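> One structure coming up, written as structure tokens, with questions to follow.
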Amino acid sequence: MVLFGVLTMILAIALFSLRIPAIYFNRITIILLLFSALLSYNSLYMNNIGSGVGVFGGLFQVTTITQSIDVFIYLLGALVLLLSEKANRANTLSFNKLNSTLVNKSKGLSVLAEYPLIALFSVLGMSSLISSSDLISMFLSIELQSFAVYILATIYRESESATSAGLKYFLLGSLSSALILLGSSLLYSFTGLTSFEGLYMLCSTTETNTAIEISVLLIMVGLLFKVSAAPFHNWAPDVYDGVPTVVTTWLTTMPKIAFLVFILEFQGFTQLANWSSWTNLLLISSLLSLLIGTIGGLAQYRIKRLLTYSTISHVGFLLLALAINNEESVESFLFYLIQYSLTNINVFFILVAFGYLLGSKGLSIYSPIQLINQLKGQFKVNPLLGLSLAICLFSMAGIPPLVGFFGKQMVLYAATHNGNFFLAFVAILVSVVSAAYYLRIIKVIHFDPVPAPSALSLIKTTEISSDLNVTETNNSLEGSSEELSTSSSLVIATITLLLIFFIINPTPLLNSVHLITLNLFYW
């Protein structure tokens, strides 16, 4: 369905982009993703899907977990695309027929007609990746979604910081793809096989070969690079901070889901979890991610860089669950991935909402909220948004009874039950330390006074002018703020309520991840 949508959108944009406002393409894409989610959900009731259904000559294998994650990816993709719809009223928008964009007269923002198309390409690559059962389909899927996110990072060509960040993303992402391709080539040269099933049979019947181990570890290093796990994380803070906030929302959430689920399936298909070298690599990366993500975040004063280091820390929890690879850990991995993805998206929804409230006082037309100090006193401006952000940050910190606490508790229980007491202790320690920078944001929002216009001007001329990553500043401090759209308000309210009231009825989500885990291990 997504492939059909991609082909249809290519034709529609080519033929009708000069006559149809670009925002309509965005809404059509959202409807398409929702319908794709419905189709994937219905496919879960097929009789043979539990054991896996091979398609395209075995290049892809459709299973319960692939279809379940497809539903999640499609729904999240539809939510993120809502952010690209401007919160302006209809009379403040005009259609520019020269470049097929919908232009906001007050600030020069635009909704690109190509944005939803590229997002669809990215979703298609993610869906293909988690269903891959062959080295060839794996690499093609990785490149399909990678090229899409490279373009997304640089799609706003007026932004110099986004162009710089996108170039860095492309160059270093190409390096990780080269490592994956090198590992795949070596693996094929040593085994003569590309299918995961064939590799599983070979590894089960023969002794472990050092050359094969090196090949697989090269693939794993490339995948860890893609999810910005330490020590392969250095590109992430600059890239996520440089691109527009709307694009950052996509980059920090969507690709990571696909890559992490693929790692889970890859080690399940090939029984790599039984290799000590594979497990040790995951454990070392998990430990470094926990430490670097926490310590690095303490020194940040830019909100998106801080959230990037927070993401690195959470990736450490996910890698810890992957390294253990038993029923408890896989269940905790899926639960943690779902709850963190929802929380992270909600945080960026709220940041975009605060950017609307700032209006022309924002530091950039693409990323109005860049500094933590810009959020001073925003609780007094909009108490509900301030409270929602506090709830999300408390959940990320693992404060009970929010859903983030149960995610960390499940991972730590699996780690201690498997004998990884040291890593469990480190995870508890970094959770306590990371609460410091979450509480710093909450303190700025709720207890600091609203800065005067002169203070905002000082921020512009001193802090921002010295930062090479920010060049699209909005020089006007006067002007009205924009209104938050009803759809964005509904998304923020719904996710926030889910974080709060999960404890009242946790059965649906817990049962779902439990059934997926049982299917993965016992079908």
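Each Cβ is built from the backbone N, Cα and C atoms, and glycine gets one as well.
Pulled from Swiss-Prot, these are the listed features:
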TRANSMEM  3-23  transmembrane segment
TRANSMEM  62-82  transmembrane segment
TRANSMEM  110-130  transmembrane segment
TRANSMEM  135-155  transmembrane segment
TRANSMEM  170-190  transmembrane segment
TRANSMEM  212-232  transmembrane segment
TRANSMEM  246-266  transmembrane segment
TRANSMEM  281-301  transmembrane segment
TRANSMEM  306-326  transmembrane segment
TRANSMEM  333-353  transmembrane segment
TRANSMEM  386-406  transmembrane segment
TRANSMEM  419-439  transmembrane segment
> Establish whether the number of Cβ pairs under 8 Å between the transmembrane segment (212-232) and the transmembrane segment (3-23) reaches at least three, counting only pairs separated by 6 or more residues.
no
> Hey, would you say the transmembrane segment (110-130) packs against the transmembrane segment (386-406), going by three or more CB pairs under 8 A that are 6+ residues apart?
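Contact criterion not met.
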> What residues elsewhere in the chain lie close to the transmembrane segment (170-190), defined as a C-beta under 8 angstroms and at least 6 residues from its ends?
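Distal contacts: 135, 138-139, 142-143, 146, 150, 153, 199, 209, 211-212, 214-223, 225-226, 232, 235.
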> Mind checking which residues reach the transmembrane segment (135-155)? Cβ under 8 Å, same chain, six or more beyond either end.
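Same-chain residues near the transmembrane segment (135-155) but 6 or more away: 56, 59-60, 112, 114-115, 118-119, 121-126, 128-129, 162-163, 165-167, 169-170, 173, 177, 180-181, 184, 187-188, 194-196, 226, 239, 243, 247, 250-251, 255, 258, 262, 266.
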> Residues of the same chain, at least six outside the transmembrane segment (281-301), with any C-beta under 8 angstroms of its C-beta?
217, 220-221, 224, 229-233, 237, 309-317, 319-320, 322-323, 371-373, 420, 423, 426-427, 430, 433-434, 436-437
> Taking residues 6+ outside the transmembrane segment (246-266), which of them lie with a CB under 8 Å of any CB in it?
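For the transmembrane segment (246-266), the list is 65-66, 69, 72-73, 76-77, 80, 83-84, 119, 122-123, 125-127, 129-130, 132, 138, 145-146, 149, 152-153, 155-156, 162, 196, 220, 223, 226-228, 239-240, 272, 304, 307-308, 311, 315, 318, 322, 330, 333, 337, 341, 344-345, 348-349, 352, 366-367.
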